[in-house]
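Read the structure below first, then the notes.
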Amino acid sequence: MEGERDTASYLMGRKGDAETLGDADDPFQDALIALTKATGLSEIFGIISNGLEVSLSNVTDVVVYILDPWTNLLTSCDGLAGASHTLPYSGLAGKLRETRSRSQSRGLDEEDPLWGLLASGRGILPHNRTVVCSPIIEFGSDRLLCSLLVVCDVLSTDNEKKLNLFERHISACLSRMQRTNSCPSGKDDLEDMTKYNDNILELCADLHDNDAISLQLKVIKYLERQTQAEFCTLFVVSEDSSELFCQVIGGRVLKEEVKFIIPLTYFNTVVVEKKVLTHQDIGEEEKKTLAEKLDVTLHNFICVPVINNATSKVVAVACAINKLKGNSFGQVDIKVIRHCFRYTVPVLTSTLALQTERELKQDTQCMLQVAKNLFTHLDDVSDLLREIMQEARNLTHAERCSLFLVENDELVAKVFDGHVSADAGEVRIPITQGIAGHVATTGKILNITDVYSHPLFYRGVDDSTGFRTRSILCFPIRDGSKVVGIAELCNKVNGLHFTKHDEDVAAAFSIYCGISIVHGLLYKKMTDAQYRSALANELMMYHMKILEDELKPFEKQAIPKPTHFHPQVAELSYSPRGIPDSDTVLAVLSMFDDMGFINRWRIDKPTLARFTMLVKRGYRDPPYHNWYHALSVGHFCYLLYKNFDELHYLEEIEVFALFVACICHDLDHRGTNNSFQVHSKSVLAALYSSEGSVMERHHFAQAMCILNTEGCNIFENLSRKDYQQVLDLMQDIILATDLAHHLRIITDLKKMAKDGYNKSDPNHHQLLLCLLMTSCDLSDQTKNWPTTKKIAELIYREFFTQGDLEKAMGLETPEMFDREKAFIPELQINFLEHIAQPVFQILCDVFPKANPLVEAIEANKGMWTRLRRESLERRLSSTNSLDFFHVRFSSEPSQEKLTEESETDSNQNFNG
């Protein structure tokens with residue numbers, strides 16, 4: 001009573017304001033009078049909306065939130081056809097809750113929860129438009145009774161006076177109804193509010209399940225009891241808001257979810273517009289379809305949107321079916337359902353999210369297991385295809401599966417329903433034919449619920465086999481954007497047809513299928529290539545095989561001394577290119593024996609002979625990098641051993657590895673350098689370019705191939721430790737023949753020579769071996785002039801052949817490889833000055849006895865210098881630089897002089 005007197009006196013004090021704001025026939029006065037006569041909350045929403053429209057100018061949108069006495073929440077509700085939701089806690093509404101004061105805004109942000117409720121207030125409004133947010137506070141306290149949200153013109157002074165008065169009347173009206181426990185119409189049909197709230201609390205206390213199905217059963221049972229419905233169910237909205245799915249009807253858990261596509265059904269009204277739907281809102285045919293889907297007899301129903309207050313989005317649709325005792329559902333039932341979900345929706349959404357995460361985890365684990373199963377069958381494509389079909393059937397619960405691979409505009413099937421057809425062999429169909437062809441050409445999944453009604457289905461197979469195809473799920477198998485296969489699943493087991501979930505599973509599964517099929521086919525190609533390579537190697541080794549008759553001469557006679565081939569064989573000036581080809585193998589064996597390797601390392605003589613003969617055959621016949629080059633390099637290593645006492649500097653096994661590496665260092669040389677291999681994208685470059693030194697790595701690989709050939713392993717009697725060491729040394733030494741490697745270590749070589757060689761330093765051992773190998777490789781430059789000139793001709797003949805290939809391939813050709821541009825004397829001077837001379841100077845610094853080699857290099861450099869000068873003076877020109885070697889220069893020694901030197905050095909016969 002005290003509160004009523006305060007409110008009455010408050011209104012009487014404002015009576016003058018009301019009289020000045022309108023006449024008795026003024027709509028605004030009518031709105032004020034309507035408030036004083038209101039008896040229930042359900043009618044107040046309309047009264048307030050109408051009052052705001054006459055109080056303010058050009059009102060386009062109104063949302064009213066009123067404190068619900070049952071839930072103590074600010075709720076918007078406008079009857080049976082409306083939506084129910086609470087005042088948001090963010091955006092303009094959140095600011096209203098916090099400040100409890102009126103505000104005007106120039107528009108709504110897209111993130112504001114009111115965006116979907118106040119359509120005319122979105123974005124930035126014109127300067128004369130505004131969004132008004134106004135709170136209604138209970139008189140005498142700070143309790144928020146109501147919130148008004150209006151889109152209208154910017155408030156004038158008159159608007160503000162009317163709004164202030166109208167808000168006071170609203171406050172008085174709501175305060176009166178709160179004190180008298182005024183409730184919505186239909187209160188007489190409900191139980192006592194206290195008991196009702198106790199039931200809600202009891203339900204919430206029981207919702208402790210982590211399983212969404214169990215939770216739904218409890219909520220549905222509660223709703224059936226409170227609304228007196230025969231059945232209740234809950235349609236959950238999918239994450240993308242495109243589908244509703246139902247898992248439970250009444251107390252019955254469905255074996256397969258019932259789904260509805262929201263945009264194509266009457267549920268769009270509930271989910272999108274947030275309105276209540278009843279049986280009166282849909283046609284008889286739609287009722288029949290709904291009854292069939294839910295498998296119930298349908299008399300009447302009501303569907304109420306379940307809104308998540310945090311997001312203002314519909315997360316589910318609660319449906320009560322068939323009111324008991326023949327009645328229809330009404331306002332009270334809507335209130336019961338909404339009241340229930342105000343408390344249960346947080347638990348419901350979190351449990352559904354948990355269920356989704358569990359399903360995702362299960363699907364992920366399942367896919368990982370599938371991937372494991374598939375990837376263990378990459379070695380056999382047929383087994384892999386069978387495994388794919390089995391996994392596809394298991395994942396989607398399909399009765400049968402067919403798998404096609406795409407080959408040359410055809411679909412090829414090799415595996416049928418999990419087994420290889422021994423009789424039929426492959427089945428090939430055009431890629432444009434049938435359901436599989438449609439999926440292959442479009443790249444899109446096809447889910448057919450009734451195949452006999454589909455134009456692409458051919459029922460002739462069913463007629464001939466007696467098998468009845470009801471539904472088909474056909475999906476593409478991709479490798480990136482390319483379709484590599486098609487899987488066709490037939491007949492969903494324990495279901496009418498394949499579901500959207502099956503489509504999602506198939507789409508995920510197809511990724512693993514694509515990866516495994518592509519790698520399986522690639523593995524098969526690789527295996528086939530290995531088999532072909534093995535056959536080619538077998539054929540090559542057959543033709544390279546050393547016959548026993550070829551070994552007999554080496555078995556019958558003792559290995560001669562190196563002087564058998566020439567008395568001056570151990571002289572630094574001697575070149576082994578004069579040894580006849582038929583004697584070269586025996587010459588190598590002679591050097592092996594004279595250096596003590598045969599006895600020291602217990603090398604079997606037939607094995608050594610067979611090894612040397614295979615190495616000789618392993619060299620091709622380019623002009624320079626051939627067997628005679630290998631013989632010359634090996635012989636110079638022999639000269640270093642005989643003249644410089646290498647054993648004082650190196651270990652025995654290092655000298656042994658150096659000599660073997662010398663005769664193997666250019667095995668299978670193709671007459672082209674590393675740069676050509678890389679730029680021409682050769683097979684060798686594909687194998688070795690990532691590691692660098694392409695040709696050198698190939699030479700070592702060929703040496704290993706010969707050593708691994710039966711009867712050719714000259715290291716077979718070495719200890720395990722020595723065997724590994726000699727192979728490692730060979731690899732390092734052969735790789736050192738790459739001039740790029742030499743240029744990287746030249747500074748270290750000079751420092752070693754300057755500081756003095758330290759035999760106890762492993763790094764010095766490695767540097768010295770590299771230096772010796774390089775000097776052996778360049779040793780032709782230390783011979784007399786006729787030999788040096790002839791060697792230069794062979795080198796440039798080989799270079800120009802590579803240059804011709806580069807031009808034909810459109811590659812850039814360096815000058816020294818271009819027969820039309822190369823000036824050979826200049827190129828030779830540069831090579832001697834920057835490469836050969838520094839090498840032999842360092843060698844001389846380490847081994848003083850090597851000084852004659854430095855002098856020979858200097859003499860040859862002087863001869864090239866004189867030839868350069870004479871060539872420039874005579875202005876010799878030609879389109880072929882090799883013509884240079886057929887010109888007689890006055891700077892060269894006379895023929896008599898050359899003959900005398902040739903007899904002295906025994907170089908009358910030049911092989912190379």
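Cβ atoms here come from the backbone N, Cα and C positions, even for glycine.
Binding of Zn(2+) 1 is attributed by TrEMBL to HIS629, HIS665, ASP666, and the same site annotation extends, among ASP502, ASP504, ASP777, to ASP777. In this structure, of the binding-site residues ASP666, ASP777, the smallest number of CB atoms within 10 A of the CB marks ASP777. Put plainly, the binding-site residues ASN626, GLN828 were compared by Cβ crowding within 10 Å, and the winner is GLN828. The two recorded residues, HIS665 (Zn(2+) 1 binding site) and ASP777 (AMP binding site), have Cα atoms 9 Å apart.
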